[in-house]
């Protein structure tokens with residue numbers, strides 16, 4: 001891979017990451033409704049899932065979802081069920097005042113535990129979406145160079161670049177949206193409305209995934 005090819009890949013990756021989609025929509029919603037801390041850790045979890053999808057694509061495991069409607073459907077409905085479960089949790093959550101992560105300073109133990117939960121939530125949201133695997137299976141090979149490094153290694157390196165740029169962009173989105181949420185949300189009614197909004201976004205993402213067809 002030369003500099004021009006890497007530059008073309010990064011340009012395409014940035015444009016795809018900025019395009020409206022379930023991941024950036026959820027990070028935006030979390031930043032506004034729950035605060036910077038939750039949005040950043042969830043974004044890190046979402047981006048960590050990219051490494052698993054990249055590894056699956058490099059090893060050919062993603063092709064299972066392309067060739068097997070049963071495997072695609074099982075993972076798709078499992079992912080949709082998980083999103084709907086998160087939506088139910090958000091709907092029933094107590095009102096936050098102000099959004100979590102703006103002023104609260106939890107102790108180190110509880111902060112680490114909360115971060116782990118948020119990271120795991122983002123990771124599962126990404127990993128349980130078979131369409132992401134199909135995307136990387138189709139996208140990454142377009143930028144590999146035959147005759148250079150092993151193709152699987154090239155795909156892993158490209159996946160790492162994609163993950164890093166997505167993390168930077170999602171981090172910026174979390175940072176900016178949290179500032180907006182600080183100004184918009186105040187009081188228990190606004191906090192409860194924020195929970196409802198988060199639940200509706202998660203439910204919409206779950207239903208969208210459940211109703212999706214095979215392919216990218």
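From the backbone N, Cα and C atoms, a Cβ is placed for every residue, glycine too.
Summarising the annotation, TrEMBL assigns transmembrane segment to 6-27 (among others). For the transmembrane segment (6-27), same-chain residues at least 6 beyond its ends with a Cβ under 8 Å from one of its own Cβ atoms are 39, 42-43, 46, 125-126, 129, 139, 143, 158, 161-162, 165-166, 169-170, 173-174, 177, 201-202, 205, 208-209.
Sequence annotations record features per position, and here TrEMBL assigns transmembrane segment to 39-64 (among others).
Non-local neighbours of the transmembrane segment (70-88) in the same chain are 64, 121, 124-125, 128-131, 198-203, 205-207, 209-210, 212, 214; each lies 6+ residues outside the stretch with a CB under 8 Å from one of its CB atoms. What TrEMBL lists as transmembrane segment is 70-88 (among others).
Annotated transmembrane segment per TrEMBL: 128-145 (among others), in sequence order.
Positions annotated as transmembrane segment by TrEMBL: 151-176 (among others).
Within the chain, the transmembrane segment (151-176) has long-range Cβ neighbours (under 8 A, six or more residues past its boundaries) at 1, 6, 9-10, 13-14, 17-18, 23-24, 27-28, 30-31, 36, 39-40, 43-44, 46-48, 50-51, 53-55, 57-59, 136, 140-141, 143-145. Nonlocal intrachain contacts for the transmembrane segment (39-64), taken as residues 6+ away from its ends with a CB within less than 8 angstroms of a stretch CB, comprise 23, 26-28, 30-31, 71, 101, 114-115, 118-127, 132-137, 140, 151-153, 155-156, 158-160, 162-163, 166-167, 170-171, 173-175, 177-178.
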